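**Q** Pulled these from Swiss-Prot:
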ACT_SITE  7  active site
BINDING   7, 140  Mg(2+) 1 binding site
ACT_SITE  67  active site
BINDING   67  Mg(2+) 2 binding site
ACT_SITE  140  active site
């Protein structure tokens, strides 16, 4: 199974693609989309949409996983991220791809074993789980790979539960 993970944002959108087979994870690719920072939001969103469509058509994922925005103190930032998230959902939907959204705490828990894991811990776990020499750069791409790994972990857990094999 090929999973596209997306870390949405209006300034940088990270994406990462992994392949899973027999519980083994293989890195397929990763990068980021960086719309012009001076462009108005609608143009940035169009840039992100076009870029994600190109990624989907190039890598042909089976499923898409997207990080959901976290609204702590900066509501304006969360709303902007939500717009980029909506564009990611639209790109996947227009390609008939199943999409799952994950909260930052869920991603941290699934990847590092703790919903309170630091960004550095998550990035190191991404490096270890994908058997990489270095942490993927930019950070947004490493975060997107964490989203994809989270989705793989959640799917594996759901499969175990659905089969009734809790031993």
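Note that Cβ sites are derived from N, Cα and C of the backbone, with glycine treated the same way.
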**Q** Could you find out if DSSP has residue 67 (active site) as helix, strand or coil?
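**A** Assignment for residue 67 (active site) reads strand.
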**Q** Can you tell me how far the Cα of residue 67 (active site) sits from the Cα of residue 140 (Mg(2+) 1 binding site), in Å?
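**A** About 11 Å separate the Cα atoms of these two residues.
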**Q** Among 7, 67, all listed as active-site residues, which has the most CB atoms within 10 Å of its CB?
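**A** Within the set of active-site residues, the most crowded position is 7.
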**Q** Quick check for the class: what is the C-alpha distance, in angstrom and rounded, between residue 140 (Mg(2+) 1 binding site) and residue 7 (active site)?
**A** 6
**Q** Validating a neighbour-count step here. Other CB atoms within 10 A of the CB of residue 140 (Mg(2+) 1 binding site): how many?
**A** 24
